[in-house]
Amino acid sequence: MTRKRRRLYTLLLALTGLGVATALVLTAFQDELVFFYSPTDIAANKPAPGRAIRLGGMVEQGSVQKLPDGVTKFRVTDTARTIDVTYKGALPDLFREGQGVVAEGMLAGESQFNARTILAKHDERYMPPEIAKSMKKADGEQQHSTGTLLK
């Protein structure tokens, strides 16, 4: 084998290895990618069944029900649409009605969401950017600025 041919084979082997490594990284990244949806987004574009998503909005007033078996049921709204959420586990200390929430889990039906993680916002006036965008899109008359304090 000539020196030129050996260099060509080495280069082809390196490029093939790089291609395989890139494909593996992209596949792993796709499996871990979690998209953010508001209740209006879910009604308009249903996510694939079994796909992990994040649902964001406000906890609807009067909707929180804590059951004896440790399950909590509540409703998440973006002022235009509402989705029922079921969660089993300890809720964050800042979780309450009328506050922003992001629930990570899977859609279980038309308007039923099974959450595996609940994240509550950390200040009564702060609006997470994703929730502010979805609420602004759903309710054009309220003026929420993305990631800033609300007045």
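Just so you know, glycine gets a Cβ as well, placed from its N, Cα and C.
Features of the protein shown, as given by TrEMBL:
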type	residues	note
BINDING	H122, Y126	heme binding site
TOPO_DOM	1-7	topological domain 'Cytoplasmic'
TOPO_DOM	29-151	topological domain 'Extracellular'
Average the per-residue pLDDT over the topological domain 'Extracellular' (29-151) and send me the rounded value. 80
Using DSSP, how many residues of the topological domain 'Cytoplasmic' (1-7) fall into helix, strand and coil, respectively? 5 helix, 0 strand, 2 coil
